[in-house]
Amino acid sequence: MSDSSANVRSAETGTNIDTGTDTESVSRPATEYSDDVELAVNRLGKRFGGITAVDGASFTVESGSMTGLIGPNGAGKSTTFNCITGIHQPDAGTVTFQGRDITGINPYECVDYGLVRTFQIAREMANMTVLENLMLPAKHQQGEALWRSVMPVARREVEQQERELLERVWDTLEFFEIEHIAEEKAGTLSGGQRKLLEMARALMTEPEMLLLDEPFAGVNPTLEKKLLEHIHELRADGYTFLIVEHDMDLIMDNCEHVIVMHQGSVLAEGVPGQITSNERVIEAYLGGEV
Amino acid sequence: MSATPHSDYRAQLETLWEHDALKIVAVIGAIYLIYAAIGLVLGYSLDGIINTLRRMTYLIAVYGMVTLALNLHWGYTGLFNIGIAGFMAIGLYATMMLAKPADPSGAAQYSGLGLPVPIAIVGGVVIAGLAGLVVALPALRLRADYFAITTIAFAEIVRLGVTSGALQEFTVLGAELGTGGGRGLIRNYGDPMNAIFELGAFSSFVDLTNSLFGFGPTQARALAYSIVLVLVLAGFYWLIQRTSRSPFGRVLKAIREDEEAAQSLGKNTNRFKIKVFVLGCALMGLAGILWRFRRTGVTPTAFRPHVTFYIWIALIIGGAGSNTGSVLGSGLFVAILFEGPQYLRRVIDQVVAVDDAPNTFAGAVGPLLSADPAPLVRYTFDEFLTLQFVIMGVALILLMQRRPEGLLGHREETAAAIPLGSRPSGAGTGGSGGGGSRGGGNSSGGNSNDTGDDPGTGVDHNRTHGHSNSASTDAPDHDHDIEPRTTTDATSETSETSETNETTHTGGEKP
């Protein structure tokens, strides 16, 4: 059933992309942004009762980039994340991913588009093993249709697909160097292992862009270094990253593009050097420290 | 025989215990043995003992079926369904209304559709499933606790509905139907099991039970019915085992653990919840049908909420999340909590002749003032059936305090269509640190390699390094890296990974 919905979507995409060619070429369908924009947020607005959490935020994330989203507490970073990934319905504005309008989609649809998020506090499936956790997210699993999992002949195909999936899971485990915890229940892992699992799990959806919500919060320096290594490796493979983070130095050292949010809107956007010298940013966020 | 035959023997026993079927056979067998032994000691007749065991089998099978269906809801998906009795009632009532003759003759009250029994059973199951859908569509949007309230409210609506005069007789699309109100429905059609009883081979079964246990035809039929129920229970077990050990079951488990996270990983959880809720309700409907469809009639009192709580007790004893536990829990519930007290009462009654009990509670407590506990004991004994509820309550409290995970709830039931565990193929046999194999890995990303701490050789390192960082450093070698996203397309990805595989493998072979 999940694959049928994906089929529909790719069909839509096909008609969208018709104007250009589907590989390496430049032309993406009509947006005001150029082709190398992966994610575009335009005048996004979200209110909770009387509080305006996001107030006309606009920014773009370039394909294959590692972009940092920073801002003081309450700046609307998490709400922006939630609006992009469909957890909240935005009240205003649009979200465009690879030229397709994804404003207000359901959270589970993001993955079909190639967009996946992680959570600030790792949300592993505590009573499932690491292997089970990693087998869950894969797309187009035939066995997610109940009848295929039950009927004798159809199940053989399901089992075949499971074997292939398990192979991929082990590859991902090896990439993150956590093979040794494969059969542990996720709830027994250490905080750092959970962060790795969370990222591995997101990767299992075969995304093109990852939204990481404070991936380094509560992570010790050694693991932080390791996580960063993995992220850089993945970025070199063509993944796009948007990272919400509080650690300024970390963002400045690792991201080529930084977005600063303040009171629900974007205060400044640019390369780290520009940001650290931007007086409004210093005033609003850095408190004149830098 | 090794030096320590005792521990050896024990280890063997422990491996045997790992088999689910054996667990069930052992526990149920022990229950039968105990009951049979008590019967023998008390000098019961053989057919009496067999009959007791048959009744146990019948109850265990029916409770086992419903507990398995509840395990699908609660144990796997975390859906707090406390409206079980309602779905069982819908199944049975629907089946009876479908099967009752179309033109009532004589005193046989309300008419039905006059369908053949097998079709009526299928119809009852489908209608129970549809009822589940009706509840699920609006209710699954609610939080877990509100969902629970909705289900029990629904069950009560069903029970009060079939009790009420309004539905006593009604017409749907020209067909006259009725629930019979408080008086219930009479089964004025043949025994639903006749399809089996009228088989030629069945007469030899009757003869066999007659020669073995001295059974009459009625008892033989009851025994055959219980055996059929056990077979259906096996079918339930098989179905739910398959459902839970599959990608479908994996999503169910994920919903139980963290629904929002499951959604963010691309799972349309509502759809899964509706599917599994409907499936479970249909199975509950079937169990409700099989539970009472041979009786001469059905009344609404059979579906009071305590039925639901019996099932919950059985599930909690066995351990939510374990199918084997569900069956074991039903066995223990029936043997100890449901049939046990009544059996015990009969035994005590036979061993010590109990005097007549006082009629009122005051009459029982009053003599305590003159230090005479006997009337209270006799009174309590007389009210054993009521006491049963107290015992169940105490047992439930003790379980929740001492062992909330039940007998087998802690156990891992893998949610995958294949056994997980150690890596299936030899693909992971590369370098010591996994450096060799890692390059071939991560099909989602194409060429992913470690850049830093590779324990492999310098050759290996250089190659992989050059490859993985080509996007930023030596792009000329790899045109496609300029447009990184296209490399994740299926075709180019394959060539990419195989290329990488080759590189790393040759690197790994010459240290």
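A Cβ is built for glycine as well, from the same backbone N, Cα and C atoms used for every other residue.
A TrEMBL annotation is a machine prediction, not a hand-curated record.
Marked as compositional bias 'Gly residues' by TrEMBL: B:427-444. Annotated compositional bias 'Low complexity' per TrEMBL: B:445-458, B:487-511, in sequence order. Here TrEMBL flags B:475-486 as compositional bias 'Basic and acidic residues'. The feature region 'Disordered' is assigned by TrEMBL to B:418-511. According to TrEMBL, the feature transmembrane segment maps to B:21-44, B:79-99, B:119-140, B:147-167, B:222-240, B:276-293, B:309-338, B:384-401.
Contact check: the transmembrane segment (B:79-99) against the transmembrane segment (B:384-401) gives fewer than three Cβ pairs closer than 8 Å, residues 6 or more apart, which falls short of the contact criterion. Under 8 Å from some Cβ of the transmembrane segment (B:147-167) lie the Cβ atoms of residues 79-87, 89-90, 93, 131, 135, 138-140, 178-182, 300, 303-305, 308, all in the same chain and six or more residues away from its ends. With a cut-off of 8 Å on Cβ pairs spaced 6 or more residues apart, the transmembrane segment (B:276-293) and the transmembrane segment (B:119-140) reach 3 or more such pairs and are scored as touching.
Listed as Cβ neighbours of the transmembrane segment (B:119-140) (distance under 8 Å, sequence separation of 6 or more from its ends, same chain) are residues 79, 83, 86-88, 90-96, 98-99, 113, 146-147, 150-151, 154, 158, 192, 270, 273-274, 277-286, 288-289, 293. Same-chain residues lying 6 or more positions outside the transmembrane segment (B:384-401) and placing a CB less than 8 Å from one of its CB atoms are 306, 310, 313, 316-317, 336-338, 341-342, 344-345.
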